[in-house]
Amino acid sequence: VNSRIFAVVTFSVILANCIFTGWTIDVTLQDSVNMFYARQRGEEVTPGGLDPVVIAWDTAFTAMFILEVVLRVVAQEGDFILGPDKYWNMFDTLVALLAIWDTIFSFTGATTFIRGLRVLKVSRALRTVRLLRIAPFLYKLRFMILACIHSINALFWASVIFTLLIFMFAIVFAGAAVEYLDNASTSDETSDTVLVHFNTLPQAMLSLFMSFTGGVDWWLFQETFLNISFVYGFVFLVFMVFATLSVTNVITSVFVSDAIDFAHQDDEIRMRGELQDSRLRWRTLKNIFVKMDTAGTGRLTLQDFTAHMEREEVRSLLSYFTLDITDAVAFFRLLDVDMSGSVDIEEFVMGCLRLRGTSNRIDMEITVQETKTITRDILNTVRDQEQRHDESVA
């Protein structure tokens, strides 16, 4: 059940079931609309049962879902309810039970009840979320879905802030409505807007919410309050500026910050992101090497490397990896691991990835290489001195 083939087959069945469910709902809706028009024309209409073909396909999908759950129970045993995917497994079990329930009522002929229950089949579409973790190219979609779920806490506090803000200003504008209606003419057009949108405090709060979310043209309220008083018109303008430019942007930044923090905390999302970044860096360095290897030999000599490092284009590309190469010769020696006098594409890419970062790291690597060279020279000198001493004694 953990194989890729099993996951792909399961994903295909779920996708096919989602399409089938959507088609079934659409056909059922069209039948209901046609029966409604028939009743309007005075025709006698008898609700029909479900198509036997639809019931057969639905039963087949139900059997597949039950088989999947059974296979997972057999394969995972206790981990099915205690393992890392226990919540998904419980959700799958619930969906399978609902499918069995729906199938039973399909065969009993409870048509009206079935049509109401059929909406629950949409929950099967949520099963595709579980399969996103095995599809690397969809990991961004997985991230967005999980980030939305993770932002529920922030959404609650954002709702509290908006409610308090709207409540405070609604009290002000409700007072303006009271002040205006006490002396307003019954034929005044402004009173129509006040009576519709500010006749109660909850309605006033809803109207203010609609004004900065696009539910209604905010100029309608701005014009109304300007007709009541210039002060109320100015207060409403302050409300719009504060709500749209300040509160909304702050809340948006909080949501984005929470999403980024969640991405860093989720190990799987972080690993997939790092894997994609590594692949991008590898392709970029490979393209840089190909541009530098004008002869097409697959290797770069010291002369070729130093010549290309004088080009601003190459330096700009390498600066993407924060490689501040002040000494091209020393940097080439760091890349030439086998000391062959030339660098192939693997040495170039792996060396740049190893040295990417600040210039201090490159300087440290150069210092280490120089220290190794000095140590090797000292050891060779000591060895020669010992050999000469042994020869003189002999």
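Every residue gets a Cβ built from N, Cα and C, even glycine.
These numbers come from a predicted model, not from an experiment.
Residues or ranges marked as transmembrane segment in TrEMBL: 6-29 (among others).
Annotation source TrEMBL lists transmembrane segment at 94-120 (among others).
What TrEMBL lists as transmembrane segment is 141-174 (among others).
Counting residues 6+ beyond its ends, the transmembrane segment (194-213) has Cβ neighbours under 8 Å at 162-163, 166-167, 169-171, 173-174, 176-177, 180-181, 184, 221, 224, 239-240, 243-244, 248 in the same chain. Annotation comment: TrEMBL describes 194-213 (among others) as transmembrane segment.
Proximity of distant same-chain residues to the transmembrane segment (225-247), defined by a Cβ-Cβ separation under 8 Å and at least 6 residues beyond the stretch ends, is recorded for 161-162, 165, 169, 172-173, 176, 179-180, 190, 208, 211-212, 218. Marked as transmembrane segment by TrEMBL: 225-247 (among others).
If you look up TrEMBL, you'll see 280-315 (among others) marked as domain 'EF-hand'. Using DSSP to sort the residues of the domain 'EF-hand' (280-315) gives these counts of helix, strand and coil: 25 helix, 3 strand, 8 coil.
Long-range contacts of the domain 'EF-hand' (323-358) within its own chain (CB-CB distance under 8 A, at least 6 residues past either end) are made by residues 281-282, 285-286, 289, 293, 298-302, 305-306, 309, 315, 365-366, 369. The annotation domain 'EF-hand' is assigned in TrEMBL to 323-358 (among others).
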